[in-house]
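Asker: Before we start, here is the structure in question, set down as structure tokens.
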Amino acid sequence: MNLPTPVGRQPHVAYLPPTGHHVVLGTAGTGKTVMAVLRALYLSDPGVQGSGKTLLVTYNNALVTYLNHLSNGASSALDIRTYGRFARGYLNDRGLMQGWNAIVKPNQRRSLVETAIRTTSKGYKPHTFFDRESGWFRDELSWITGMGINSEEEYLKAERLGRRTALNANLRSVVWKILEKYRELRDARGHQYDWDDIAMTVRDQLAIDGRSRLYRHVIIDEGQDLAPEEIRSLVEAIQPDGSVTFFGDYAQQIYGQGMSWRACGLMVRQTETFRDNYRNSTAIANVAIALSSQPFFGRTDELVPPVAPTAAGPKPTLVHCVSQEQEISVIQDAAKRLGSVGTVAVVARTWADADRACEGIQSNRLQSDKYFWNSAPGVYRTTYHSAKGLEFDAVLMPFCGADKVPLNDVVEALGNDDAAERESKLLYVALTRAKSDLLITYSGALTPLLPSTAGLFAEVSP
Ligand SMILES: Nc1ncnc2c1ncn2[C@@H]1O[C@H](COP(=O)(O)OP(=O)(O)OP(=O)(O)O)[C@@H](O)[C@H]1O
């Protein structure tokens with residue numbers, strides 16, 4: 001098995017009772033993923049009392065591959081899936097998936113939302129609200145659906161969790177009209193669902209499905225990035241004598257649903273907390289702690305304060321370059337040097353930037369759907385989003401100038417405050433992937449989202 005021996009609170013969590021709901025919170029590198037796998041192996045082991053078919057749900061296909069590697073060919077009683085794959089499979093089983101076209105693709109959704117905004121605006125006097133980036137509307141529609149909000153009345157009353165900008169009742173009514181128009185357009189094109197509202201249908205179907213449930217146990221890894229409606233559907237998908245175990249870290253929440261597990265049907269008296277970081281060196285953890293302590297990082301009830309580890313390692317390096325070309329050259333030199341002895345990830349905000357930073361050197365693109373886990377030394381390239389849950393000996397982060405982070409599109413769509421919160425959480429995800437070496441480059445001014453506390457970095461010029 002590729003799993004460490006559990007220590008501290010870990011064995012307690014891995015072998016929690018096989019019934020009821022459990023919530024385990026902890027910041028980066030505290031062993032949530034490895035304990036999620038250990039618990040999944042335990043609950044699916046036929047020799048264990050109360051065991052049964054188990055579903056381990058995680059964030060993307062890259063993590064499914066990683067979890068398969070960790071579980072090392074577990075029994076057929078364990079399924080490791082993304083939420084999307086679980087939902088699609090269940091609805092297919094119910095005869096409700098009419099092929100691939102059933103789920104609208106993100107670019108089609110974008111264009112349908114834009115049409116819905118234009119069409120709806122015609123019913124109103126000209127208003128700047130309709131000039132907002134369509135990204136804002138797409139995000140708001142995802143939020144409404146992910147929260148499981150079913151009517152305009154419910155939306156008008158809803159607390160806008162995870163949203164920093166207020167929205168008055170009149171504007172909410174307009175958004176609701178846009179949502180209805182979008183759904184009408186989508187149905188007319190023959191798409192039954194998008195990735196946000198598929199969970200609502202799963203719940204509706206589970207409510208009328210009299211058959212016995214396939215899974216006795218569900219374990220959720222990276223739970224902070226599932227929408228409340230997705231979690232509710234998983235809670236409802238287990239057998240009555242089974243269990244749900246939710247592992248999450250609100251410091252790494254990257255889609256801003258602002259959910260609380262309490263609102264997701266999880267009935268827990270007390271949460272378990274992991275505090276010891278087994279991945280990052282102290283110097284890297286100090287950067288993560290300083291980053292998460294900044295006022296715009298956001299707070300939720302469930303945020304667990306990170307506790308610094310004691311592992312030795314060099315201070316992270318911050319390199320001020322004169323141009324992006326120079327950044328690429330610094331990143332490539334470091335990648336070649338470190339990639340011959342360990343795993344190195346070049347992690348950028350967008351795929352275009354990750355590809356650009358690695359142009360001309362040997363590197364593997366960690367695309368979530370085409371990726372096979374390989375822990376051999378080498379250079380990998382990926383984005384902040386796709387690096388989630390993974391770890392590398394060294395992480396190299398190019399293009400951390402103020403003109404690149406936060407991403408302009410996100411600022412335009414969501415405004416400064418929401419953008420600062422989301423993008424700093426992404427930075428947090430990216431830099432906590434590093435076990436011992438972290439190198440960040442920028443040209444122009446440094447992004448204001450990185451902490452400026454003296455002494456955190458070794459600051460150099462090439
Ligand atoms: N008891 C332990 N002994 C040794 N190493 C451990 C132990 N627990 C976890 N680790 C190691 O610590 C690292 C981080 O673990 P893991 O990936 O499970 O953390 P995580 O909480 O899921 O992190 P993140 O949320 O940042 O993805 C892994 O390399 C894991 O093998």
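Cβ coordinates come from backbone N, Cα and C, glycine included.
Quick caveat, the model's predicted, so the values are computed rather than measured.
Sharing the features that TrEMBL gives for it:
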BINDING   GLY26, THR27, ALA28, GLY29, THR30, GLY31, LYS32, THR33  ATP binding site
DOMAIN    5-299  domain 'UvrD-like helicase ATP-binding'
Asker: List the other residues in this chain whose Cβ sits within 8 Å of the Cβ centroid of the ATP site residues GLY26, THR27, ALA28, GLY29, THR30, GLY31, LYS32, THR33, in sequence order.
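Answerer: Result: ASP249, PHE274, ASN277, TYR278, ARG279.
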Asker: Return one of helix, strand or coil for GLY26 (ATP binding site), based on DSSP.
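Answerer: DSSP assigns GLY26 (ATP binding site) to strand.
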Asker: Could you list the residues of the same chain, at least six apart in sequence, whose Cβ is under 8 A from the Cβ of GLY29 (ATP binding site)?
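Answerer: In sequence order, ASN277, TYR278, ARG279, ASN280, ALA285, PRO309, GLU391, THR432 meet the Cβ cut-off.
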Asker: Including all protein chains shown, what's the count of other C-beta atoms within 10 A of the C-beta of ALA28 (ATP binding site)?
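Answerer: The Cβ of ALA28 (ATP binding site) has 23 Cβ neighbours within 10 Å.
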Asker: Tell me, by DSSP, whether LYS32 (ATP binding site) is helix, strand or coil?
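Answerer: DSSP assigns LYS32 (ATP binding site) to helix.
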